[in-house]
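J.: Questions regarding the structure given below will be posed in turn.
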Amino acid sequence: MPEETQTQDQPMEEEEVETFAFQAEIAQLMSLIINTFYSNKEIFLRELISNSSDALDKIRYESLTDPSKLDSGKELHINLIPNKQDRTLTIVDTGIGMTKADLINNLGTIAKSGTKAFMEALQAGADISMIGQFGVGFYSAYLVAEKVTVITKHNDDEQYAWESSAGGSFTVRTDTGEPMGRGTKVILHLKEDQTEYLEERRIKEIVKKHSQFIGYPITLFVEKERDKEVSDDEAEEKEDKEEEKEKEEKESEDKPEIEDVGSDEEEEEKKDGDKKKKKKIKEKYIDQEELNKTKPIWTRNPDDITNEEYGEFYKSLTNDWEDHLAVKHFSVEGQLEFRALLFVPRRAPFDLFENRKKKNNIKLYVRRVFIMDNCEELIPEYLNFIRGVVDSEDLPLNISREMLQQSKILKVIRKNLVKKCLELFTELAEDKENYKKFYEQFSKNIKLGIHEDSQNRKKLSELLRYYTSASGDEMVSLKDYCTRMKENQKHIYYITGETKDQVANSAFVERLRKHGLEVIYMIEPIDEYCVQQLKEFEGKTLVSVTKEGLELPEDEEEKKKQEEKKTKFENLCKIMKDILEKKVEKVVVSNRLVTSPCCIVTSTYGWTANMERIMKAQALRDNSTMGYMAAKKHLEINPDHSIIETLRQKAEADKNDKSVKDLVILLYETALLSSGFSLEDPQTHANRIYRMIKLGLGIDEDDPTADDSSAAVTEEMPPLEGDDDTSRMEEVD
């Protein structure tokens with residue numbers, strides 16, 4: 001490129017400036033930030049300090065394995081420099097800095113995954129302070145700034161300047177100003193009505209509120225004036241210097257005035273002679289004050305820490321705008337030493353189960369030195385919503401990711417963290433209201449834990465809450481269910497489905513409800529995976545009411561009656577199986593139906609209808625498994641239902657009656673739908689129903705219709721076998 005060949009002393013800087021357009025979503029976000037009124041604009045400073053802290057974390061982590069990375073600047077700090085004259089606020093850090101490519105990509109041309117989600121949240125009325133959670137905190141600078149300049153130096157690149165007034169584009173150029181060594185300087189050119197953020201008191205207030213627990217010194221630079229007593233000679237010297245400065249700044253018309261002042265001073269000198277008088281002058285100086293001297297909160301005694309302090313630390317750690325729901329602060333001593341401070345947020349993040357998201361939100365420290373915040377081995381994935389810090393005394397400072405994977409120390413820390421998290425959830429469960437909030441947000445995590453963590457499955461199962469056929473609008477634990485079980489009840493009965501109403505009205509729960517047996521309603525897709533692993537609770541087996549072999553508490557008389565019904569309908573079962581062929585594995589007399597004529601159940605080890613629906617929705621499903629697992633369907637018939645009884649009579653009177661076949665297929669397809677399955681050929685089923693409607697309305701099938709296209713559809717309908725006998729069809733209804 002031509003600009004690369006130009007030397008710095010060539011006055012061709014304009015050609016070195018490159019202009020880029022903001023990516024559409026980012027431009028939209030900036031427009032939203034600039035043109036909407038937000039009352040809590042102060043969060044911009046929290047976001048920029050947080051970004052600086054992240055940059056410092058990165059260079060410190062790199063320096064652990066390669067100390068030469070800090071040759072460009074050993075001190076790791078953040079400086080805040082307000083300038084009232086220029087109306088600028090500058091945030092400087094000695095972090096990792098950005099290359100030219102980083103500047104272009106990170107600040108404008110590549111949208112983060114959270115950009116769109118944040119805009120949707122904002123438009124839905126969410127608070128602007130959520131911005132950091134979506135990874136787009138930098139743009140909050142435009143809440144207070146009309147123009148932002150970013151000067152940055154990375155060890156692997158030259159010093160560059162990025163600049164934008166948010167007009168849909170930004171510029172990047174090589175920076176020829178004062179060399180930075182390494183790091184990033186964000187200069188905010190404040191709007192006229194936002195000068196409060198140049199006030200010392202206001203900056204201190206914001207840092208204390210949002211950033212006092214940042215792990216690097218945050219220093220405020222403020223220009224102040226003080227009185228200084230000096231002798232006349234020194235005062236004159238100082239005044240001369242000031243006059244020199246004025247000479248440079250003022251135009252030529254000011255020159256005589258300056259000369260007059262000088263001659264006056266000479267006269268004064270003559271009058272005073274050798275007398276040396278003391279004189280007070282105003283001296284400007286830069287005051288530096290560290291704003292976050294607070295000791296790391298996790299190293300303090302939990303008894304000395306207030307809820308407010310925990311809340312402030314949680315907010316500074318997570319950029320959350322709400323308080324935490326629960327906190328666990330503990331230390332482990334003995335062979336292994338570490339301290340941990342864990343928080344449960346009030347709500348799940350928008351991308352909780354996204355694969356691209358980092359696997360956990362716990363910062364790992366070694367002897368108060370930050371190491372990393374995305375150590376996957378620190379906590380299992382199902383606890384990825386837990387926020388906090390872990391500070392180990394035993395891990396080496398220069399530990400690498402590879403070493404962490406093999407570290408026995410880390411395995412012990414992980415085991416302890418999981419144990420303490422489960423303790424925290426159990427404590428939370430004692431407060432019904434708070435646990436309800438927790439469970440609404442994180443029930444999927446608990447269920448994922450049951451699927452993945454065999455060691456803690458029992459403890460996790462105690463945290464489960466479900467609606468049941470007897471609980472109304474309240475969710476109950478498995479322990480509550482067990483205390484309400486009937487005397488002769490051996491199993492915990494459950495049904496899986498899409499909604500509470502759907503499973504409550506299901507044919508599968510009819511007889512259980514009639515007998516006063518409580519059924520658990522599992523209505524989240526993850527419940528299917530959860531119960532695959534959770535076989536029993538407190539010695540009671542979990543039994544799906546939609547699978548074959550359902551055993552209900554029965555007395556001898558009921559068993560005898562059931563056997564008689566099986567014998568009576570044995571022939572009909574055989575005929576139905578022959579008609580349905582491979583569609584079902586078998587046809588049996590049901591002991592679970594009361595008002596429905598029939599239902600489809602699955603084999604003990606096959607998928608339920610709900611699981612089949614979930615698996616069909618998987619984009620990367622294995623069709624061979626689909627065929628194997630989904631094929632095991634059993635048709636159960638209700639021997640007490642008039643439709644089934646009449647069908648038995650028809651079949652026994654004339655087993656070659658052609659209407660029987662069509663009715664059996666219609667019953668099977670309807671049972672598929674009512675049992676939660678989908679039809680392979682819905683149109684054929686619909687045509688059968690239309691034919692039934694015609695018969696019910698007494699319309700002659702051969703009647704010509706006004707619309708030729710309708711006639712064509714009628715021709716394609718599958719014929720109702722034996723439809724010459726309409727009266728027999730009506731008899732079944």
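Just so it is clear, glycine is given a Cβ too, placed from its N, Cα and C backbone atoms.
Bear in mind that the values here come from a model prediction, so they are computed numbers and not experimental data.
Sharing the features that Swiss-Prot gives for it:
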- Thr5: phosphothreonine (MOD_RES)
- Thr7: phosphothreonine (MOD_RES)
- 9-236: region 'Interaction with NR3C1' (REGION)
- Asn51, Asp93, Lys112, Phe138, Arg401: ATP binding site (BINDING)
- 225-279: region 'Disordered' (REGION)
- 230-246: compositional bias 'Acidic residues' (COMPBIAS)
- 256-269: compositional bias 'Acidic residues' (COMPBIAS)
- 272-617: region 'Interaction with NR3C1' (REGION)
- 285-621: region 'Interaction with FNIP2 and TSC1' (REGION)
- 285-733: region 'Interaction with FLCN and FNIP1' (REGION)
- 629-732: region 'Interaction with NR1D1' (REGION)
- 683-733: region 'Required for homodimerization' (REGION)
- 700-733: region 'Disordered' (REGION)
- 724-733: motif 'TPR repeat-binding' (MOTIF)
- 729-733: region 'Essential for interaction with SMYD3, TSC1 and STIP1/HOP' (REGION)
- 730-733: region 'Essential for interaction with SGTA and TTC1' (REGION)
J.: Return the count of C-beta atoms lying within 10 angstroms of the C-beta of Asn51 (ATP binding site), excluding that atom itself.
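T.: Asn51 (ATP binding site) is surrounded by 21 other Cβ atoms within 10 Å.
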J.: Which chain-mates of Asp93 (ATP binding site) that are at least 6 residues away have a CB under 8 A from its CB, listed by sequence?
T.: Ser52, Ser53, Ala55, Leu56, His77, Ile78, Asn79, Gly183, Thr184, Tyr216
J.: Going by DSSP, is Asn51 (ATP binding site) part of a helix, a strand, or coil?
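T.: Once the DSSP labels are grouped into three classes, Asn51 (ATP binding site) ends up as helix.
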J.: What are the sequence-distant neighbours of Lys112 (ATP binding site), meaning same chain, six or more residues apart, C-beta distance under 8 angstroms?
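T.: Correct list: Phe134, Gly135, Val136.
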J.: When DSSP is mapped onto helix/strand/coil, what comes out for Phe138 (ATP binding site)?
T.: helix
J.: Average pLDDT across the region 'Interaction with NR3C1' (9-236)?
T.: 87
J.: Can you check what DSSP calls Asp93 (ATP binding site), collapsed to helix, strand or coil?
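T.: DSSP assigns Asp93 (ATP binding site) to strand.
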J.: Would you mind checking how many other C-beta atoms are within 10 angstroms of the C-beta on Phe138 (ATP binding site)?
T.: 21
